[in-house]
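Structure first, then comments.
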């Protein structure tokens with residue numbers, strides 16, 4: 001077993017870092033700070049961070065085949081031109097729910113942008129229940145709604161054979177799976193593949209590795225866990241020196257490094273003293289497994 005190393009690599013004290021995604025072309029890590037309404041791109045070669053400020057909470061960012069990026073801002077699917085910092089609205093959802101916003105999002109293997117919504121929180125993980133829905137933005141900019149009654153739409157990814165969609169609604173305290181039709185984007189046959197243990201707390205962001213195992217960031221649990229979705233067993237736990245771990249992705253030259261985002265919002269003064277790196281970006285090396293490259297939105 002290789003020796004696992006957890007290091008803080010970017011000290012910016014984000015309020016709620018989320019949605020890390022690796023951009024191979026620029027050797028950069030993209031991520032968002034939801035309540036600060038900023039999308040960040042950290043160049044790991046130059047160690048420079050660029051930011052684009054937007055006009056509403058921004059909950060996820062993804063690569064786009066045409067260049068630039070896509071992001072979920074408020075309740076809008078948007079395209080983002082990084083060079084001139086312009087944002088173009090592609091579609092809107094939940095127009096009847098003024099208190100809603102998007103949360104986590106990710107692009108599927110066919111280039112659709114999946115993202116779900118939730119009610120705006122009154123405190124971290126405190127909100128009006130069952131207000132969210134799961135959507136996807138197709139390459140033609142049409143939107144499909146899959147289901148509603150969601151609490152906090154969160155981590156999502158697809159199996160390596162593209163036949164299973166994995167999904168987290170945080171307050172269910174489970175990781176779920178659906179049968180997935182890559183051609184149509186349809187999902188069906190929802191079932192639970194993992195139930196969180198008490199000390200693992202709230203399941204948040206998620207990514208898959210090159211062996212088909214899932215990695216879940218545990219909000220308030222201060223860890224990422226590796227799961228086998230076929231057996232429902234936890235295979236590994238990697239603890240971090242912060243409680244509010246929010247999401248994870250693989251990156252680096254060969255996708256052998258894991259990047260983890262976290263939050264500081266919700267910590268009191270004592271918590272911030274105890275966790276000076278809350279809100280920073282972490283890198284985990286030595287996991288002995290690689291990730292896969294992220295997919296890009298095809299529209």
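For all residues, glycine too, the Cβ spot is worked out from N, Cα and C.
These come from Swiss-Prot:
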| type | residues | note |
| --- | --- | --- |
| ACT_SITE | 204 | active site, proton donor/acceptor |
| BINDING | 18, 154, 204 | divalent metal cation binding site |
| BINDING | 101, 103, 121 | substrate binding site |
| MOD_RES | 144 | N6-succinyllysine |
| MOD_RES | 244 | N6-succinyllysine |
| MOD_RES | 253 | N6-succinyllysine |
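Features recorded in Swiss-Prot, as mapped to the structure shown.
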{"residue": "18", "record": "divalent metal cation binding site", "Cβ contacts under 8 Å, 6 or more apart": "31, 32, 33, 34, 59, 60, 104, 205, 246, 247, 261, 263"}
{"residue": "101", "record": "substrate binding site", "Cβ contacts under 8 Å, 6 or more apart": "56, 57, 59, 74, 75, 117, 118, 120"}
{"residue": "103", "record": "substrate binding site", "Cβ contacts under 8 Å, 6 or more apart": "59, 60, 72, 115, 116, 117, 118, 132, 152, 153, 154"}
{"residue": "121", "record": "substrate binding site", "Cβ contacts under 8 Å, 6 or more apart": "127"}
{"residue": "144", "record": "N6-succinyllysine", "Cβ contacts under 8 Å, 6 or more apart": "135, 136, 138, 185"}
{"residue": "204", "record": "active site, proton donor/acceptor", "Cβ contacts under 8 Å, 6 or more apart": "104, 154, 155, 168, 170, 216, 217, 218, 219, 245, 246, 247"}
{"residue": "244", "record": "N6-succinyllysine", "Cβ contacts under 8 Å, 6 or more apart": "16, 124, 219, 220, 222, 262, 263, 264, 265, 266, 267, 278"}
{"residue": "253", "record": "N6-succinyllysine", "Cβ contacts under 8 Å, 6 or more apart": "27"}
Requested in this report: Using the centroid of the Cβ atoms of 18, 154, 204 as reference, list every other same-chain residue with Cβ within 8 Å of it (recorded divalent metal cation site), in sequence order.
Outcome: 19, 103, 104, 152, 155, 168, 170, 205, 217, 219, 246, 247
Report task. Give the maximum pairwise CA distance in Å, whole number, for the residues 101, 103, 121 listed as binding substrate. Result -> 11
Query - Any further residue of that chain within 8 Å (Cβ to the Cβ centroid of 101, 103, 121) of the recorded substrate site - result: 34, 57, 59, 100, 102, 117, 118, 119, 120, 127, 152
